[in-house]
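Encoded as structure tokens, the structure appears first; notes follow it.
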Amino acid sequence: YCQEFLWTCDEERKCCGDMVCRLWCKKRL
């Protein structure tokens, strides 16, 4: 299961797709 856009994330909880984790999931520019 992955973290959606703007959900909090960490090493254990990865973001969905190719979003990057910066404390929360952000879309790649």
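The backbone N, Cα and C atoms fix where each Cβ goes, and this holds for glycine too.
Record features (Swiss-Prot):
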DISULFID  CYS2-CYS16  disulfide bond
DISULFID  CYS9-CYS21  disulfide bond
DISULFID  CYS15-CYS25  disulfide bond
MOD_RES   LEU29  leucine amide
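Counting only the Cα atoms, the space from CYS9 (disulfide bond) to CYS25 (disulfide bond) is about 6 angstrom. Reported as a whole number, the C-alpha separation between CYS15 (disulfide bond) and CYS21 (disulfide bond) equals 6 Å. Cα separation, LEU29 (leucine amide) to CYS21 (disulfide bond), rounded: 13 Å.
In sequence order, GLN3, GLU4, PHE5, LEU6, TRP7, CYS9, CYS15, CYS16, MET19 make up the list of same-chain residues 6 or more apart from CYS25 (disulfide bond) whose Cβ falls under 8 Å from its Cβ. Neighbour density at the Cβ, taken as the number of other Cβ atoms within 10 Å, is lowest among the recorded positions CYS2, CYS16, CYS21, LEU29 for LEU29.
Taken residue by residue with DSSP, CYS21 (disulfide bond) is part of a strand. Distance between Cα atoms for CYS21 (disulfide bond) and CYS2 (disulfide bond): 11 Å, as a whole number. DSSP gives CYS2 (disulfide bond) a coil state; it is part of no helix or strand. Mapped onto three states, the DSSP output places CYS9 (disulfide bond) in coil.
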